[in-house]
């Protein structure tokens, strides 16, 4: 059917695009490590994404529609791949800004397209719109989530040609790897000093750029245009909702529960930023070589996807508090272990155990924090999730921003401190909810007693 065809086209378009971007993101701290250029570009991306989320999507979608917004935004992502061919401050930072400004319209247009398609199909078939939209999003994420596997697999297969079997054996000094890695120091004799050849880097970037171009062609040629309903296009409608959205996002901070959740939301950005920006460079690249970054991140992506599905179901039986505690304990244990561990190539399996545990914990942070926002702020979901995106993105910006100035050990202590603050503040939120539910229950019982008393008096 036409609707499913369009959903599949959008899904595979995003798969192709994020196969390229996801792979590049994992490699930035290792591939463009000079003066911290790689992580600086990632910080700029998320900073631009914050600004873009507030100002750009409604205007662009209104002007050119969902389909062509997706196409134009995908072209913004391709510029980042092109900028990596001649990586410098004059190429990567501008292309990072372009990507960041294109990111918010891309996701907004995708969500609008899938939602509108689901609503129209439900109307036509007389079904519940909510059920159809959920099915469409489920299909999309089923396909999209595998991009983390393919992008990293491609990079490891290509860069693996640069490292003959047994090439690690001649390196013995790894004292500067792991928590001991500091700005301005080299990796000693670790394998991280061996960079892939230019020809291999260009091959990888060529594959990634080609993947992005294929995504654009797929959407531009095969995706059907969907016209937004007339009431959505009336003059002033978007501008009004746009200004209201900004005010609602700011006003939502008056809710003390939202303020208490800021550290937890920012921690999501901190922990993801550490794994992709610091673990990949200071542990994996330094000790094993850049060709293993992809394999390690595949382990994270696969565990994350499986656990996201698992914990989404498990939360019905355990409740969210137990899962949050599990994630906090897992992350805290990993951070402490990373502070103490001296990474050597002989500890090969350990390099994969950390991202596997991290992926499990991240699955809890993502699924349960989103669910928590949905439950706590049921009547103000749009403002709540706007705050969620804002504070998580800010966490990314800070994590990538200080990456080039601090030792890994300091970054691990910061991560642990933010985690502890986040969990304590989250505990206050749960306490407030418990008190609120207790009051509501007492009020209900009191009303029932008054009602029974009134009935008895009437009977007399």
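Glycine too: its Cβ is placed from the backbone N, Cα and C atoms.
Cross-referencing 271-291, 292-312 with Swiss-Prot places the feature transmembrane segment at 292-312. Range 390-410 is the one annotated as transmembrane segment, of 369-389, 390-410 (source: Swiss-Prot). It is 139-159, from the ranges 139-159, 160-180, that Swiss-Prot records as transmembrane segment. Using the rule of three or more Cβ pairs under 8 Å, pairs at least 6 apart in sequence, the transmembrane segment (139-159) is not in contact with the transmembrane segment (345-365).
Residues of the same chain lying 6 or more positions beyond the ends of the transmembrane segment (292-312) and with a Cβ under 8 Å from any Cβ of it are 23, 26-27, 30, 145-146, 148-149, 151-157, 159, 275-276, 279-280, 284-285, 323, 351-352, 355-356, 358-360, 362-364, 366-368. Among the listed stretches 7-27, 89-109, 203-223, 321-341, 412-432, the one sharing the most Cβ pairs under 8 Å with the transmembrane segment (41-61) is 89-109.
Against the transmembrane segment (203-223), the recorded stretches 7-27, 68-88, 89-109, 390-410, 412-432 differ in Cβ pairs under 8 Å, and the greatest number is found for 7-27. Counting Cβ pairs closer than 8 Å to the transmembrane segment (68-88), the top stretch among 7-27, 321-341, 412-432 is 7-27.
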